[in-house]
């Protein structure tokens, strides 16, 4: 550090012991960047308070001073130095890599080891779900299920749906207490251990009710694991690559689903009564690898900070552990210091907000929250009732009814699983470039057509080649349409649609919704098959795909490439207005692509307030809800000039780092 560089450090050490009073800040602003709009005196106090509470080595004060300034403004050291402090060359290179022109994937090896562990956790999830697919075509006589190969009993549906019943009723709600007491790593360890033991247990059952109990126990592993692994990955990774990790969870779950089908093919020729035991017990190995691996990784820094805050004794050791964890997960100690102080104050603000507001009631009573809730609940519901998990859990049975032998049905199901994984990969690109809503609107009509094709194929003569070909083509094409759209979008969309202060509560609800309808879908398929046949059953799911298309068109806004302020404005648009916009979109598509007539493309007004000066330079500040619901920004002194961007909605609009939208007209207010 250069001479005179201690000026900020000394000022922090001499800062007043009470925080200066400043203007009001929005809830999202408080959680995303608690330093936004803070004066230098406020920053001095916050740094001093942080050092006093955490009791981290005083020699690190300089590091945390620089980290706090970078947390407030990533360009703080753009001119080389600030307040006598400057960055070392390796720090400059690491920060440059975070920028739009840098290599954001240049991260420490331990971070990629953590991502690999989370990927295996996702694969465990998929394998747990589909191992039963091919086991069920063999275990009927051994377990006394009743029915026959072509007319499954209600008990078969009960066995398939048992884990998801447990997830919806108990498993998902155990997530919070398990994370509270065991941490992220402990929860992953316990849930994977439960998954492994319950899979092994299933292989030793001899009655249907014994299998039912074992599969209920499997739900205790699936529920907490499905909620914790993505959170652990998100809390441990830099924001530059955090979004891709949501896609990672869906992609590697699809990989695990494929492994479940492959295991069925591998063990299909083993003698009867042993083959299904090996198939359904095969997922027990991978979770043991995760169990052996997870404690070699750092704990979530955010969880350690929360643990330190709850600690009644000396919490300083947990603060130090959090900093040590971040230093392992970041390229430089400076980045670790920046992220730690940012997480610390974001967590403080989050806890304060939770004490002051009834978050559960506000999920339903605040219009902006309610619209996010209804949109996310719809896409989660449709992820199940489009019928994909009927194919995931019963595809071998469906192929048998189409005329395949049991070994060939297992092979055809493996093809379905491979397609599901391969066509999930393009979503890494299309989900941002094409947009979440556009992907759903394009793929739901295709899913309806292919579900209908699969159902109508069963009107062909029994065991005819045409029947087998049409069923296979219909199911495979349905997987092609589902994998890049309704496969990855729901979890990503749900993580974006709710404001930050209710996001964790919303995600718990959305996860419970998807498992509940997964259970309903699984348990109702055998009765539907008996009552309506496969033609009527697949026609039913095709009808839900049509309903889903119109539901998405009318009440699901786009969230791709939107800042938090833009998302708030987007979900502040009344549902009726958005529905009218959706119908105009449908009419435009018909005129443009069916009748080949040129007409004006419909647009919807979105008003987004952005703080700045009269020249249009954006600055971090705050948004307080206005009577109109669009928001008004209040600067640090409560009287900063405000710029309002009134623009037509375009989900692909580029934004700069301050969230202000480029190439749009500005009206000085």
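Keep in mind that glycine also has a Cβ here, set from the backbone N, Cα and C atoms.
Curation plays no part in TrEMBL annotations; they are all automatic predictions.
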Range annotated as transmembrane segment - as stated in TrEMBL, picked from 225-243, 244-262, 301-319: 244-262
Annotated stretch (transmembrane segment, per TrEMBL) among the listed ranges 386-404, 538-556, 557-575, 576-594: 538-556
TrEMBL annotation (transmembrane segment) - matching range among 438-461, 606-629, 630-653: 438-461
Tertiary contacts of the transmembrane segment (505-526) (same chain, 6+ residues out, Cβ under 8 Å): 147, 152-154, 156-158, 160-161, 164-165, 167-168, 171-173, 175-176, 223, 226-227, 359-360, 363, 372-373, 376-377, 380-381, 383-385, 387, 389-390, 393-394, 490, 494-495, 497-498, 537
Cβ-based contact of the transmembrane segment (186-204) with the transmembrane segment (538-556), 3 or more pairs under 8 Å: no
Range from 244-262, 274-295, 438-461, 538-556 with most C-beta pairs under 8 A to the transmembrane segment (409-431): 244-262
